Amino acid sequence: MTLPGQLLPLTRPPPAPPVLSSRRSRCPPPAAHAHAWGSPPPLWRAYRLNDRFLHPPRQFRAPARAPRAPTPRGVSAAGGGEARAAAVAEFVTSERVKVAAMLGLALALCNADRVVMSVAIVPLSQAYGWTPSFAGVVQSSFLWGYLMSPIIGGALVDYYGGKRVMAYGVALWSLATFLSPWAAGRSIWLFLFTRVLLGIAEGVALPSMNNMVLRWFPNTERSSAVGIAMAGFQLGNTIGLLLSPIIMSRTGIFGPFVIFGLFGFLWVLVWIPAISGTPGEHAQISAYELEYITKGQKLVKPQIGSAKTKKVPPFSKLLSKWPTWALISANAMHSWGYFVILSWMPVYFKTIYHVNLREAAWFSALPWVMMAVLGYVAGLVSDTLVRNGTNITLTRKIMQSIGFLGPGIALLGLNAAKSPIIASAWLTIAVGLKSFGHSGFLVNLQEIAPQYAGVLHGMSNTAGTFAAILGTVGAGFFVDRMGSFRGFLILTSLLYFSSALFWDIFATGERVDFDGTG
């Protein structure tokens, strides 16, 4: 038995748990604490050192922590918020985001050039005495050209890459837009030809965008990249709808055609030297970003000049799989609703609520701002679901279901609206929720067939263009016969619901074997 004040033999305390290992120990090194009796002391015994009693630390298990996302080189993972801020800063200043921004600008010009006619059709119809049915034909002339190019353009994108094809596309559609006033002064047929040429050139825009996203972004960022690009696409609608009446009031009906055409030429002059077709070809990309993109993507590397690239795409095998038809159906319904709303909403607000042209343009433009914002939000949500382990197939079905069921319900609300403000609110909901489809079928093209993404996009775009022509022209004839848009909006809602069901049954996020015998 020890007497009070008597020093106990120095003994080795149990090792500190890992979570405390980083603290500075006040005890001598473990070698100086060898237990005199060769066995650990009882837990109740205290240790006296330098006239202080030390109690053995309680044994406990360190709490499990979820693994942190990788941080850029040179940043400690223990930095917490600083590491996340550095990762965000790296993303915002990266070369791949510049690519997405330039794609967004191209798609903004794409939509601004096509939407000018949605505003100009009202004064043109008054000037030339066009009926609503013939105005629908004029509106759809763009789609005649758009019908011709997606499959061929998609094949060109798969062969030459998105950078080159996008440059030619923007240059050609800007030329067609710029020449529209000259053509209109000659004849209506020449004017229609420029609209057809515009459609042919713009048919390569989305396949080129998809190809560039596939090459430049890892799997966990593709929905966000598409969201950025498609935000530009929707803002192009807003720019065209809002600026066109203002420009027309000062320069005449064809002023917006000239201005938007010139901006397209300027974009090409920036795109060619500033952007490369692949990250490996970019002279200024950092080693970290290049490694990050390469490790984070499952990319079928282009084989320019190889026999594999030059062979004819297996159209029969592509069409023999249900996931292909799910994409075709989704694109068709998306295009039906998109072009009906884009082409006819200014006329809808003018004829149903008797507002002037500028007010009609404002009511029609606000929904596209919401679509741009929600499209990017949908991309972030989709990428977060994938990063957190949600099955890709389920993620795509969730996104696309929102993109179809939401607009279907909102159009029924639009149909019952009694004022232009309420109608614009329902239209904003419908168009905004449509953007969730960008993280559904539009990203799904890269997942089920990365080596044929361009051709598959072209095939589904062709079906979508057929649907857009049918919807745009059909709406005009429907109004001629029935005197109202209301029945047509109900039909469109029913088509949205049926398309959501078809997608949820047959879509997949897994790669489909289009080259084998399966």
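One-based numbering along the chain as shown.
The backbone N, Cα and C atoms fix where each Cβ goes, glycine too.
Automatic, uncurated: that is what TrEMBL annotation is.
Fair warning: this is a prediction, and the values are worked out from it, not measured in the lab.
Mean predicted confidence for the domain 'Major facilitator superfamily (MFS) profile' (99-510): the pLDDT average there is 83. Taken from TrEMBL, the feature domain 'Major facilitator superfamily (MFS) profile' covers 99-510.
Among the features that TrEMBL reports, region 'Disordered' is placed at 1-36.
For the transmembrane segment (142-160), the list of distant contacts is 114, 117, 169, 195-204, 206-208, 210-211, 304, 309-310, 313, 339, 451-459, 461-462, 465-466, 468-469, 472: same-chain residues at least six beyond its ends, Cβ to Cβ under 8 Å. What TrEMBL lists as transmembrane segment is 142-160 (among others).
Distant neighbours of the transmembrane segment (165-182): 103, 106, 109-110, 113, 116, 153, 156-157, 191, 194-195, 197-198, 200-205, 207-209, 211-212, 254, 257-258, 260-265, 267-268, 271-272; these residues of the same chain sit at least 6 beyond its ends, with a Cβ under 8 Å from one of its Cβ atoms. What TrEMBL lists as transmembrane segment is 165-182 (among others).
Proximity of distant same-chain residues to the transmembrane segment (226-247), defined by a Cβ-Cβ separation under 8 Å and at least 6 residues beyond the stretch ends, is recorded for 97, 100-101, 103-116, 118-120, 209-210, 213, 255-256, 259-260, 342, 346, 357-358, 361-362, 364-366, 368-369, 371-373, 375-380, 435, 438-439, 442-443. Annotation comment: TrEMBL describes 226-247 (among others) as transmembrane segment.
Residues 102, 105-106, 109, 112-113, 116, 119-120, 123-124, 127, 163, 166-167, 170-171, 173-181, 184, 240, 243-244, 247 of the same chain lie 6 or more positions beyond the ends of the transmembrane segment (253-272) yet place their CB under 8 Å from a CB of it. TrEMBL lists 253-272 (among others) with the feature transmembrane segment.
Outside the transmembrane segment (325-345), and at least 6 residues removed from its termini, the chain residues within Cβ reach (under 8 Å) are 114-115, 118, 136, 139-140, 143, 237, 319, 360, 363-364, 367, 400, 403-404, 407, 427, 430-431, 434, 437, 440-441, 444-445, 448, 456, 459-461, 463-468, 470-472, 475-476, 485, 488, 492, 495-496, 499, 502-503, 505-508. Annotation comment: TrEMBL describes 325-345 (among others) as transmembrane segment.
What TrEMBL lists as transmembrane segment is 365-386 (among others). Outside the transmembrane segment (365-386) by six or more residues, the chain places 219-228, 230-235, 237-238, 241-242, 341, 392, 395, 398-399, 402-403, 424, 427-436, 438-439, 443 with a CB less than 8 A from a CB of the stretch.
The feature transmembrane segment is assigned by TrEMBL to 398-417 (among others).
Annotation comment: TrEMBL describes 423-443 (among others) as transmembrane segment. Within the same chain, residues 206, 210, 222-223, 226-227, 230, 234, 326-327, 330-331, 334, 337-338, 341, 345, 349, 352-353, 363-364, 366-368, 370-375, 378-379, 381-382, 395-397, 399-404, 406-407, 410-411, 413-414, 417, 460, 503, 507 sit at least 6 positions outside the transmembrane segment (423-443) and bring their C-beta atoms closer than 8 Å to a C-beta of that stretch.
Summarising the annotation, TrEMBL assigns transmembrane segment to 455-479 (among others).
What TrEMBL records for 485-506 (among others) is transmembrane segment. Counting only same-chain residues 6+ beyond the ends of the transmembrane segment (485-506), those with a CB under 8 A from a CB of the stretch are 322-323, 325-326, 329-330, 332-333, 336-337, 340, 344, 348, 352, 397, 400-401, 404-405, 407-409, 411-412, 414-415, 440-441, 471, 474-475, 478-479.
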